[in-house]
Amino acid sequence: MKRRRSIGLIVLISLLFATGCWDRAELDDLALILGWGVDQSEDKTYVASAQIAIPSKLSTQSGGGSGQGFFVLTASGKSSLDATKNIQRKSSRKIYAGHRRVVCIGETLAKNGLSDVLDEFTRNPDVRLRTDIFVVKGNSAQELLQNPYPLENIPALAALREHRAVGGIGDSTLRDYLMDEAKGHSTTLPVIQLSSLASSQGDESQDGGQNAGGPLGLEFGGRAIIDPHSKLVGFLDYDEAQNAVWVKGTLRHFMLTTRVPKEDGNINLDVSRTRSKVIPTLQHGKVYIEVRLSGFGIIRENTTPMDLSQVENVDRAQEACDTTVEQAAKHVIVKLQKDYGLDIFGFGEAIHRKYPQQWKAMKNDWDKQFSNAVVTVNANLTIRRVGLTGPPLQLPRSEIQE
Amino acid sequence: MKKSMNISGGQMYWTLFAFEVGNTLLLTMTSAIREGKQDAWMAMGVAGGGGILIALIATRLSVMYPNQTVIEYSRTILGTWPGKVIVIPFLLQWYVDIGVIMRDFGDFIITALFHNTPIWGVVLLTLLVVVYLVIQGGPEGIGRCSEVIGPVILLMIVVLIALDFGNIEWRELFPVYVDSGWRAIAKGSTMPLSFFGESMMILMLTAFLKNPQTQAMKAVWGVATATALACLATIAVIATFGAELSSRMWYPFFSLTRFISIMEFIQNVDSIFVIVWFTSMFIKLSVYVFVASYGTAQWLNIQNWRKVLWVVAPFGFITALSIKNVQVDVPQYYMRMYWIPFVLPINMIGIPLLLLIIGLLRSRTSPSRR
């Protein structure tokens, strides 16, 4: 009887807590941040911009669209989160960063070092590590976020999708960045920039093609080189970036256009399953690094007169591709060795794994030794398919080279 | 009284498994990785091996006195007063740790899910459920509960590790051994060992087995299963985040579950881990609360152990709320100054071993005692 009474009491007390939850957060009460930008102004204050989804606009999208589905709030503060506090002052709903997918870092801030703004990403339990992080080239992150993008309701997501479409790793960028920086290595971040949707690359002037006319959109602009102190030190253009990422081993696929020697025209190869193997050798105190790149390709375009139903022509095409890849990869490695002296390829880690004992002595001045390392690149692409035609259909038989 | 509270071998297995796995996964990985770097899984394995050894000692000892808990047979072995004195460290450990477990629990729930809920709300509600289970079911209730929850926990952890497979970079696990060495591995294993070593609860639980002689070993297997999962989870964490990054996270395995994203479709599975941890902690707390109450009752010769519960539970509640900051204070003071230097060598290894040796000597000299 007594026990029963005590249990009854427990049940009664429990009821007190069943009236509701403390952490009730309806979707209607939240302002969901999907894109986030941080800039640094000249007096070192941080300017944060939040690209926030407008739920009503998103849901009426099928009914013929009624204006843009996002708006941008901007405020400044002593730190990234201090600025968030000031953004909250402008927002009727509670700012919620749990769905933040894309973070854009202004160029000035990146040059001053972006470690200050990253702490929150791993400390705040609302925020997920799965975030894509970009360096904004040319403009401020705020300007970039304010610009609409025709295909995406939330323009920031366009950056993420472009990053994926060009064969990048997408939203595990932040993790990879933190892993490299935590080890004390240099690394790269993808670059996003505003550019005219209508004009071609050739028309672009110095300011990223903004004066070329037409609506502006987001353009994937290669990668930014970040030194071990998380400061931006330079940029790689798109082709250099793709090759650098391939050497590092995180590229998924890419398009290669190359000239075939002694032919008039180009071969375009769609390369997937890109792999990289880094084989370091230490000999007489010198570092030798062999990079083996491989991948499987499909020929998408052939403007040479070669008949690709012939084995030797395919072999020539493959050879031409291998040479191009080797040269391009070598070029970017040498550029990093000579111009920056920063190992962004993970060569240091490869040595660490193969020569763990020697690495202990090397790791402190690795970047210096990296500059003096002898690097060879071997590419070995396999052409798996040549498309639906062997010889080019548009040429008369007499011009086709068998 | 005891005869009415029976647990089976399977229940014992799942109880020990659930008891060990949750806390070890969440709280000990960081310290193992900090010392052992990419070889932290070895440290986990070593710690688990130590835990199994402690479980073996406890089992061997308990089986010698099949119907008695450690509070009773310590008296049988050493005599009334020395026997009473030697279990005081146990009682102290049980009482204090209930509060710490509960605070760890509450803080994690608040960090992971409910940011605005007051800590006392989480702690009180949990405690009420625990008290209910212990009052109503005693060890039998805990055993039955574990039998249901244990397999679910096991399955969920395996699923979580499997879902993470796409994020794994095996090269992060290399070079093996060279960076750490046995010293670092041993150092890294102390924290997990002090959690695996809680398997010394077997000293109290074996007495409730239906058939101690044949079923007691199941508890050791429960610890072994927890060890295997902890090793696997550590490998997954290091291969996902690298040793350097994961050593700076409080809850690396939790971060790993938050990182899972398969085709942008299977995401936010961290709530699964919260369930795993919640249930595992629930079993652990229940065992602690039961053992503390029952042990105190036996120690003071109180007939109805359930009455002691009304001291144990409020005491735990107050302890839990009086800790200032569980992420910093508990590792800095509690773990470093009490748990690892005293509980680990004395409660988990020293006393059980001492009792076992003396018990074995006695049974050899006068077999009639048994």
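Glycine is no exception: its Cβ is also placed from the backbone N, Cα and C atoms.
Listed in TrEMBL:
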- B:12-34: transmembrane segment (TRANSMEM)
- B:40-65: transmembrane segment (TRANSMEM)
- B:77-96: transmembrane segment (TRANSMEM)
- B:108-135: transmembrane segment (TRANSMEM)
- B:147-168: transmembrane segment (TRANSMEM)
- B:188-209: transmembrane segment (TRANSMEM)
- B:221-243: transmembrane segment (TRANSMEM)
- B:272-296: transmembrane segment (TRANSMEM)
- B:308-326: transmembrane segment (TRANSMEM)
- B:338-361: transmembrane segment (TRANSMEM)
Stretch contact, the transmembrane segment (B:188-209) with the transmembrane segment (B:338-361), Cβ-Cβ under 8 Å, 3+ pairs: yes
Residue numbers, six or more beyond the limits of the transmembrane segment (B:221-243), whose CB comes under 8 Å of its CB atoms: 12-17, 19-21, 24-25, 28-29, 32-33, 37-38, 40-41, 44-45, 47-49, 51-52, 55, 154, 157-158, 161, 164, 167-170, 172-173, 192, 196, 199, 249, 252-253, 255-256, 259
Stretch with greatest number of CB pairs under 8 Å, the transmembrane segment (B:77-96) reference, B:40-65, B:108-135, B:147-168, B:338-361 candidates: B:338-361
Same-chain residue ranges lying at least 6 outside the transmembrane segment (B:40-65) that approach it to Cβ under 8 Å: 16, 20, 28-29, 32-33, 72-73, 76, 173, 177, 180, 184-193, 195-197, 199-203, 206-207, 212-213, 216-217, 219-220, 223-224, 226-228, 230-231, 234-235, 238, 243, 348-349, 352-353, 355-356, 359-360, 363, 370
Long-range environment of the transmembrane segment (B:12-34) - Cβ separation under 8 angstroms, sequence gap at least 6: 40, 43-44, 47, 51, 55, 101, 104, 108, 142-143, 146-147, 149-151, 153-154, 157, 188-192, 195-196, 198-199, 201-202, 205-206, 209, 215-216, 218-223, 225-227, 229-230, 233-234, 237-238, 243, 246-254, 276-277, 279-281, 283-284, 287, 331
Cβ pairs under 8 Å between the transmembrane segment (B:308-326) and the transmembrane segment (B:108-135), at least three: yes
Same-chain residue ranges lying at least 6 outside the transmembrane segment (B:108-135) that approach it to Cβ under 8 Å: 26, 102, 141-142, 145, 251, 254, 270-271, 274, 277-278, 282, 285-286, 289-290, 293, 306, 309, 313, 316-317, 320-321
Folded-back contacts onto the transmembrane segment (B:272-296), same chain, C-beta under 8 angstroms, at least six residues removed: 15, 18-19, 21-23, 25-26, 69-71, 87, 90-91, 94-95, 97-98, 101-102, 104-105, 108-109, 112-113, 126-127, 129-131, 133-134, 138-139, 141-142, 145-146, 149-150, 152-153, 156-157, 159-160, 201, 204-205, 253-254, 257, 302, 305-306, 308-309, 311-313, 316
